[in-house]
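Here is the structure we will look at, set down as structure tokens.
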10 protein chains.
Amino acid sequence: MSDTPTRAQAARSVLAAKKRLGLRWDKIAEAVDRSVEWSTSALLGQQTLTADQARAAGDLLELDPATVEALTWPPDRGAEASDTTDPLVYRLTEVVQVYGSTISELVREEFGDGIVSAIDFELDLHRVEDPKGDRVVITLNGKFLPYRVW
Amino acid sequence: MSDTPTRAQAARSVLAAKKRLGLRWDKIAEAVDRSVEWSTSALLGQQTLTADQARAAGDLLELDPATVEALTWPPDRGAEASDTTDPLVYRLTEVVQVYGSTISELVREEFGDGIVSAIDFELDLHRVEDPKGDRVVITLNGKFLPYRVW
Amino acid sequence: MSDTPTRAQAARSVLAAKKRLGLRWDKIAEAVDRSVEWSTSALLGQQTLTADQARAAGDLLELDPATVEALTWPPDRGAEASDTTDPLVYRLTEVVQVYGSTISELVREEFGDGIVSAIDFELDLHRVEDPKGDRVVITLNGKFLPYRVW
Amino acid sequence: MSDTPTRAQAARSVLAAKKRLGLRWDKIAEAVDRSVEWSTSALLGQQTLTADQARAAGDLLELDPATVEALTWPPDRGAEASDTTDPLVYRLTEVVQVYGSTISELVREEFGDGIVSAIDFELDLHRVEDPKGDRVVITLNGKFLPYRVW
Amino acid sequence: MSDTPTRAQAARSVLAAKKRLGLRWDKIAEAVDRSVEWSTSALLGQQTLTADQARAAGDLLELDPATVEALTWPPDRGAEASDTTDPLVYRLTEVVQVYGSTISELVREEFGDGIVSAIDFELDLHRVEDPKGDRVVITLNGKFLPYRVW
Amino acid sequence: MSDTPTRAQAARSVLAAKKRLGLRWDKIAEAVDRSVEWSTSALLGQQTLTADQARAAGDLLELDPATVEALTWPPDRGAEASDTTDPLVYRLTEVVQVYGSTISELVREEFGDGIVSAIDFELDLHRVEDPKGDRVVITLNGKFLPYRVW
Amino acid sequence: MSDTPTRAQAARSVLAAKKRLGLRWDKIAEAVDRSVEWSTSALLGQQTLTADQARAAGDLLELDPATVEALTWPPDRGAEASDTTDPLVYRLTEVVQVYGSTISELVREEFGDGIVSAIDFELDLHRVEDPKGDRVVITLNGKFLPYRVW
Amino acid sequence: MSDTPTRAQAARSVLAAKKRLGLRWDKIAEAVDRSVEWSTSALLGQQTLTADQARAAGDLLELDPATVEALTWPPDRGAEASDTTDPLVYRLTEVVQVYGSTISELVREEFGDGIVSAIDFELDLHRVEDPKGDRVVITLNGKFLPYRVW
Amino acid sequence: MSDTPTRAQAARSVLAAKKRLGLRWDKIAEAVDRSVEWSTSALLGQQTLTADQARAAGDLLELDPATVEALTWPPDRGAEASDTTDPLVYRLTEVVQVYGSTISELVREEFGDGIVSAIDFELDLHRVEDPKGDRVVITLNGKFLPYRVW
Amino acid sequence: MSDTPTRAQAARSVLAAKKRLGLRWDKIAEAVDRSVEWSTSALLGQQTLTADQARAAGDLLELDPATVEALTWPPDRGAEASDTTDPLVYRLTEVVQVYGSTISELVREEFGDGIVSAIDFELDLHRVEDPKGDRVVITLNGKFLPYRVW
């Protein structure tokens, strides 16, 4: 087993191969046959890839078999796999800090007592051109789950 | 000055008045003449209201003058004003934890080295009907800011 | 609004009234017309009570109107509302610490990649007699939610 | 001694062998001759295996002798051996946070002053089919221990 | 209920009354009819007193009825009720830090895999005269609890 | 110097040798010519061994010279050398949490303002048979040190 | 008892009275009949004053009887009674950070395995004139305590 | 560069050489031509040594050239280079905790608003014989720096 | 003394009065006869004001005598007096995080081993007009202090 | 990819080469063709270098190709890449702590509600000679960003 890299090591190999081959994430997503956002998170170690998806990504990125194998292991979704003090990620944490109470209020008013699922969840990110400076639009789409009463 | 409530106390008065009068946030936003999301966050203490906006909200919510005055004080945007361990807010924090590296990668590929502004930023939240369970769609729209090189 | 107690203050009033009147939680649950476990958590401030449920509990516990009103406010589910260093609660935290990896493995083997919902969730607690010392049996019953792939 | 892997390293070898051989935990538990839940936690490093149990598991999983030896070392039950920020494990932590006070109240009412043992303790996990989505039922069964008065 | 002091407030009243009346803990323990150590911890808010024990202590200490009532409420055993940075208490924490691994080893060798109960537990503290300086002898007496295998 | 193991590495070698040779701590203590408790803590890295004591332990445990040398280096008594979240050690931490204020009160009443030394200190641990389950009796024996007034 | 201020409140009254009356700490120390350093720490809540010392300080500072009484209560020596992030106090913390290993080495070389007592301890602080800027000389004088071997 | 040890590794080599050669710190300080305290802290990695000082220490301690080179690199003065939970170092931290407010008061009274420099600073440590037990006298000598007003 | 507000309460009174009277900080600084930056920090509780400066500020801001008195008390410079999670202040903390190593390198190259004083220190803040968006220029001016060698 | 050093390893190679070759940062900045401050932060791992900039720095510093390659990888801007407890860096943190509220007030008064960008940001550091001791002048120049209202 000691020959199998961890998911974090596999992610670094993916990034190095992507850079060396000059590939973009949409090209990799095409091979995986899923959205760009899901495919990126999967290759960075946050989602489970099937053996077929791992093989397709491995063929495109010319990864060695042990790295392809590693991509099918369970993902690293804990706090240690993300550096929330990186300036870019911190801005998102600050959005949750500043707007968390607003989102709670509006969800509760519209749906009642419950939460927005982070599991039955989709992420979309795209560029919107703007003469005053282009914008990043990130869409969080989660199923509303009501608290069960019994 | 001891007669002026804090922004947090003003927010509790707003919530109590809203409940007593049976108002919805879109009605309050209309009085403030801004979007529902911004108006909600402003009345919850996260944005600065002008004297006119505070008066309009105060008239609708039948707030006392000291509370109206408090709404024009600087907002409480620090970490203590948001409870990130509340289950609803925690799900958003988890989204940042799980998808933070994905967002970093995709922003960097598309825009280069920089961040997504949490200041030149808009939040939108709406319901999408779905036969398998309605969904909450939260859109984060922030200007891309490139790192300055000098 | 300053006359309305917080959910935590309402919970203390409930506990004092329950003690003074010599009531048990199953009796209170009967008035609320829900399970003992849900009713207890609701009166301790962890669930939303409808106006009718609050009134029924208030009548039985002889609570004043402001406390009854407080029971219909949004619940306090954040980390501060629970003292996880209390010896009884700590034992449960330790169970998660010691058996968390086991539960992850068995859920993943049986269901695939996903989580056990803490929202679409029921709690049951009962006594099992045992000649070597009676036992507390706590059942956590949550819907399996698979990670969405898109 | 430097040839003996740690319990954490042994656990990773177990997982790799299990995957390579296509075994399920119930099959491994049969070899160990204990319940699925206990056997899983033991092989993941949370329980002490006897030399016989380790050998039986090692034979089935084709582990090398040093790994079999490692399985008989004292377990790693500290906080570092469990990642409570993993989304699946976090949901259990949140259950303790939200329902901890309810469990305290009901245990105290039924049994008096004491705790639920995490040592004289059994874990059971099984699937319950449900047309609205199958459910995970986790049963925590611990002896009640009264506080000693002297 | 707002007239009932908390356990912490009751403890302060006990300490003030004890000082004013010039009583010693052994005298108070006699009234409570339990050991000095248990009685002290109970009046400081760490144990549940029966109504009779609370009344006996209240009579001796001339406490008001609300304080006597408070002594029968559930104890405060969480981390916040103890200041482990106080120099005297810190020395005990340091003993656990320095000798924790030794105690683990010796318990495991003598008893097998398990823990020393902090619930089925007695504390004894007494003075031992010594010409080089008198000593404090603290005895921790806990039942050994073996880990259950199932 | 890179050939000298750390105290932590020496401790692991001691544990492995002890297991391989089937020795008990009292036998090792006899070689070291000190109490079982002190000898155990010394070999686990918490006390300074003289060259003679290290040699005697090394002869019995068949340790290599570099490990024997390591045993004479300064001990690791900091917080990192002890895992206080291990269930057995945690129970002792909880005893300090629950009974810390009681010990403070009784020491102050009996001795005046001061502390119980953790340096001029002896630890004793032994088994007491009990038909309801044998008990672990841990005795902490420290010199009282009064605060100096100048 | 509610009329007795805490030690922290008594300290604030001492500081206010000292300022109002234009007294210096050496004058107050004279009344207490102890060193300036000990007297200051005692009146700031870090030492136990006898009834006579409290009375003498109270007469000089014109304190009310409840404050004088409070000065005889047990001191607040925990971490919360000192703000180590205050710039002046932080510099001392930094000295321990930067020179802690040096002090350990030199004490161990000169005295053997042990510690410098913070209990059998005296503090002295005085000004030393220096043409390049006057200096503060703080002397920490603690008894060496060897680790007991048994 | 990978051949150059870190300052921490160099410090361990210094300690090993010092032990092997049976040298004392005052002898090493003589070679460095600075005080014992400064020389010790410098060789432990807390000060910058000049090339000449490093060479002189290296000659005496028979260090290899890479270690001598390492001694001239910038020091490690951050919190991670000191273990403040080591019992000896902790006692110093406790002194700051208990006497920090006293030092603040006396410095402010004598010098006005400012701090005691930890940079323009000297440390002295020596033994004072005492029939009741020898004492460690640690002198902290820092320049007073007044807050600038502009 | 209970009539004297704390420095934090005095700062809130200053802000309320400033708003009510429509004053700017440069006007207040003129009364205090110091720079805008120093005067602002002093009135917000971070510097010591002389009795004359406090009186001048009090006259302009129409503060009551107790608040004027409070302004002459020692400042609150600890971490609790500043909310570093406020978005504006956080950006400065991030600058230290991102550029701290750069500043260390450049100071060390230019000046040798030492620090930039935060005590013998001046702050300047002004607006620089820029067609692409005006800029905030913050100048930190601190005396270089070399580490003393002795 | 395992041959590519991390940004932190590349930074250590840069520092070693700079020392060996006796270069100054302004010379390196000349090769990179950017300011001294930006170039230093880039080579220490805080900015993205283009392939040309990395090559130019690599030629001057005689770095191996893998290190040159590493310099073009994304920077490490998270909290772990900076040791804020180093005395020099800590002084800057303290400046933010002491003057953060002042900066907030003055920015808000002059610009309205918003922040000072840490992204559209320039750092300048230079020496100012002063007969009382030379000074370090650090200029933080960031674009003002107003909070968007929508």
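Here the Cβ of each residue, glycine as well, is placed from N, Cα and C on the backbone.
The feature active site is assigned by TrEMBL to C:Arg91, C:Glu94, C:Ser117. Annotation source TrEMBL lists domain 'Cyanate lyase C-terminal' at C:78-150.
Summarised as a single figure, the pLDDT of the domain 'Cyanate lyase C-terminal' (C:78-150) averages 96. Counting only same-chain residues six or more apart in sequence, the Cβ atoms lying under 8 angstroms from the Cβ of C:Ser117 (active site) belong to C:Gly142, C:Lys143, C:Phe144, C:Leu145. C:Glu94 (active site): 20 other CB atoms within 10 A of its CB, across all protein chains. Checking the active-site residues C:Arg91, C:Glu94, C:Ser117 against chain J with a Cβ-Cβ cut-off under 8 Å leaves nothing.
Long-range Cβ neighbours of C:Arg91 (active site) (same chain, at least 6 residues apart, Cβ-Cβ under 8 Å): none.
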